[in-house]
């Protein structure tokens, strides 16, 4: 793809690399080396760069509008919809601010910062829901994020890439894909055992063994994710080489370190505020739309929270860079299942809540089957539009299933 405008080249690249795995690699290799080139901006310049340079920010006014609707009407459906639209650009800008800050923090801290903030929107929504005692909403939202990345994002990437390159078979790193499939299966295993323990009534201590198993397993998963992150950042030269081919050697941070910190705090506070309203409106929206809470939590919330990453993965596939697409789609699924889920269990433990890894039989079975389907499509190391279409249709089956599924804990 030819770029006549170098500034436009850099802007598009930032959008495409809004992935914790990809940005962490750049931070590890290049972090700290760009800070000397950064220039300080005035308040107006900083506002233009961060707010006015992104077309997705046209949705920002929906946030204040949602709050206005909340206080003027009792229509939870409209309020919930406007809140979803308002959070979408905030999720993308959080990633941008984190990326800018990572340029100043050095290799190790930059990689960790990008990886940790990769799914900060879902984490904020989950923590607020935990504070409100809505454990099932947390479980279902995190489950939905895993499913949407595995099936919808990867499916759209394969499909769009296959259409653009219809005369050839697109390929990706088979070894890395098999490794990622294995990590997803480990995540399923961590959810499967507490669920089986519950439904087989085989606990040593009824109502407590399940919780103890979940908390200990969560600690083990966090260690496993840290090891996986270290391995990905240190031991994947082919992924790094392809990534750096796209990186512009003259790329510099657009905003200063303190600007990045201030914007990060602003966006985090705004996301937290909107998420609080959003979580409170879930039940009302369910009643207003006559849609199960499980459908809202598993399908609607994750799609909005990951909208920017979805677009980036598809762009990479359409440029025949499928390894980067997998880094966004499968990498995000691994991050949520191996980091966000156990992190929420630990946080709920600290809050005195009792979130466990028993996601219920229907949900756990759905995840297990989805991981198996994805693993089969990845095992050859090739993709085409047909595989993408099958993954998209699989996601539609999952969405239809949750549309008619009544959660036992909310029925």
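Cβ from N, Cα, C; glycine included.
Keep in mind that TrEMBL annotations are predicted by a computer and have not been checked by a curator.
Lifted from TrEMBL, the feature list:
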- 56-72: transmembrane segment (TRANSMEM)
- 78-96: transmembrane segment (TRANSMEM)
- 78-233: domain 'Sodium/calcium exchanger membrane region' (DOMAIN)
- 108-130: transmembrane segment (TRANSMEM)
- 142-165: transmembrane segment (TRANSMEM)
- 177-199: transmembrane segment (TRANSMEM)
- 211-231: transmembrane segment (TRANSMEM)
- 260-279: transmembrane segment (TRANSMEM)
- 260-402: domain 'Sodium/calcium exchanger membrane region' (DOMAIN)
- 291-317: transmembrane segment (TRANSMEM)
- 324-351: transmembrane segment (TRANSMEM)
- 357-378: transmembrane segment (TRANSMEM)
- 385-404: transmembrane segment (TRANSMEM)
Same-chain residues near the transmembrane segment (211-231), Cβ under 8 Å, at least 6 residues beyond its ends: 24, 111-112, 115, 183, 186-187, 190, 193-194, 197, 205, 334-335, 338-339, 341-343, 345-346, 349, 354-358
Long-range Cβ neighbours of the transmembrane segment (291-317) (under 8 Å; 6 or more residues past either end): 12, 15-19, 56, 80, 84-85, 87-88, 91-92, 95, 119, 121-122, 125, 136-137, 140-141, 143-145, 147-149, 152-154, 156-158, 160-161, 164, 170, 282-283, 285, 324-325, 328-329, 332, 363, 398-399, 402-407, 410
Most Cβ pairs under 8 Å with the transmembrane segment (177-199), selected from 78-96, 142-165, 357-378, 385-404: 357-378
In contact by Cβ distance (the transmembrane segment (142-165), the transmembrane segment (357-378); 3 or more pairs under 8 Å): yes
